[in-house]
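Enquirer: So TrEMBL has the following annotated:
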- B:12-35: transmembrane segment (TRANSMEM)
- B:42-61: transmembrane segment (TRANSMEM)
- B:67-87: transmembrane segment (TRANSMEM)
- B:99-118: transmembrane segment (TRANSMEM)
- B:148-168: transmembrane segment (TRANSMEM)
- B:197-222: transmembrane segment (TRANSMEM)
- B:234-259: transmembrane segment (TRANSMEM)
- B:266-285: transmembrane segment (TRANSMEM)
Amino acid sequence: MSDASMLNVRGLNAWYDESHVLHGMDFEVREGECVTLLGRNGAGKSTTLKAIMGLVPKRAGSVMFRGRELIAARPDVAGRAGIGFCPEDRGIFAGLSVEENLMLPPVVAPGGMSVADIHTLFPNLAERAKSAGTKLSGGEQQMLAIARILRTGAKLLLLDEPTEGLAPVIVQQIGRMIGEIKRRGFTVLLVEQNFHFASRMADRHYLVEHGQVVDMIPNHELPTRADSLHRRLGI
Amino acid sequence: MMMIFGKPAPLLFGQLLLGIINGSFYAMLSLGLAIIFGLLRVINFAHGALFMVGAFVTWGLLHYLGIDYWVALFAAPLIVGAFGLLLERGLIRFTYKLDILYGLLLTFGLALVLEGLFTNGFGSSGVSYNGPDILSGTLDLGFMFLPVYRGFVIVAAALVCFAVWFTIERTRLGALLRAATENPSLVQAFGVNVPRLVALTFAGGVALAGFAGVLAAPLYSVNPNMGSDLINTVFAVVVIGGMGSIGGAILTGFGLGVIQGFTEVFYPPASSVVVFAVMAIVLLARPAGLFGKAA
């Protein structure tokens, strides 16, 4: 793992209309790392991902991605810069087939996974290429949502609760997938409520409370700090 | 003379032809409206006026510049589309964050302004435009006589409708449009310049109206109200077909043209209201329209 900071977020504030959701988030993600944002419902984890992409009505602070300031950039500029976004609702388009969903995001840089590789990793997506995207099961939709940003050459993937609402066997499958993604050199910023899942995936964890990072925990310290974390996460 | 349902066959076929011609215009215009509404959520009341502008541009190209019909067939939609691009960038885009009524009111105002300007310039009776010589004359089909230009309009409209349907349903650009219709911010996060896509979609939609205007120029009198005469029916077509449905707009356009044509034969007084009667029935039975998906 290199020490180069791929994503450096400093003092990130975000607002929805009048409500102030992020109050100065500070964290970084290094190249090749898998980092999670842990926290209770409503702590601001999903909003952090949206604020990085520029998908909130108002934000301030600094979002440096590979040395480039994105705080004033439109969402398509962040996408073009090489950040792949997988939203919490998965964002599968009902009016598009599975194949069209997969091929939709434009290629933003060389080095993305080939469609053949993606189909090897997700055989279901090849079998059901012609079905409507939303006819897939929840787990398949999640895989499609991740698969389509692997194709584009994006180097940093923002995954918002990929295991939410999925059966344990599917969660395991998603876990293997993220492991494979890491082996292929992608950098991942993961929002997770599933503490157990997060602990198997990530190198480091940031604990988020009330729109701020309150603690950083390397994964190897997790066992010794599990009790206090469970208390703080309310699980 | 051959009779069908107690009516002379030539009359019936004549009305069928007229119905398909009208249906061609309904289809082309409602197609543009449906595309624009789908992506921009703007009910473009200026659509009829832009159709009229297309017809006047066709006339103007010939009258002032000596540019003939065949060039106008491509040039007029481009000019109207470019004008649409200016309207979208200069005015309409400021209504996206507001209630849907603001876009409707703005485009309604634009329609009145355009019609007023052309009435000032050319009078309300308008000008006349002769189609290309090669398309004059009639064709004997055996059971009826078909004016060649009318046949050309039907074929051209059908081809354009198919091309638009194909682009939207079968190409990558179409997939982007459909996706942006559902979830524009996610499409933008993927790296697509959605504001530009929206502007070009508006331009493309009104270019279709411009194209319909070229086809209409030799057929109807080119006058400032030719669009508003048509647009009420076209809005009914869009509602019947289902807002935002491309295939639905095309089929409903042609279908209602034909229904209107036959009503003219069997009960002429009803011909101007039949479309709205159909609309009322469809809205009662299927509020989302024949081809629309329930929201």
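Keep in mind that glycine also has a Cβ here, set from the backbone N, Cα and C atoms.
How buried are the listed features, and what sits near them?
Expert: Residues 4-5, 43-44, 47-48, 51, 143-144, 146, 150, 153-154, 157-158, 160-161, 164, 168, 177, 201, 204-209, 211-212, 215-216, 219, 230-231, 233-235, 237-238, 241, 243-246, 248-250, 252-262, 264-265 of the same chain lie 6+ residues outside the transmembrane segment (B:12-35) yet bring a C-beta within less than 8 angstroms of a C-beta in it.
Remote same-chain partners of the transmembrane segment (B:42-61), defined as residues 6 or more beyond its termini with a Cβ less than 8 Å from a stretch Cβ, comprise 29, 32-33, 36, 67, 69, 71-72, 75-77, 79-80, 83-84, 87, 92, 95-96, 100, 103-104, 107-108, 110-111, 114-115, 118, 122, 127, 129, 202, 205-206, 209-214, 216-217, 220, 222-231, 234.
For the transmembrane segment (B:234-259), the list of distant contacts is 16, 19-31, 33-35, 37-38, 47-48, 161, 164-165, 168-169, 181, 274-276, 278-279, 282-283, 288-293: same-chain residues at least six beyond its ends, Cβ to Cβ under 8 Å.
Note on the transmembrane segment (B:266-285): residues 5, 7, 233, 236-237, 239-240, 256, 259-260 of its chain, located 6 or more positions outside it, place their CB under 8 angstroms from a CB of the stretch.
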Enquirer: Is the transmembrane segment (B:67-87) close to the transmembrane segment (B:197-222), in the sense of at least 3 CB pairs under 8 angstroms with a sequence gap of 6 or more?
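Expert: Yes, the transmembrane segment (B:197-222) contacts the transmembrane segment (B:67-87).
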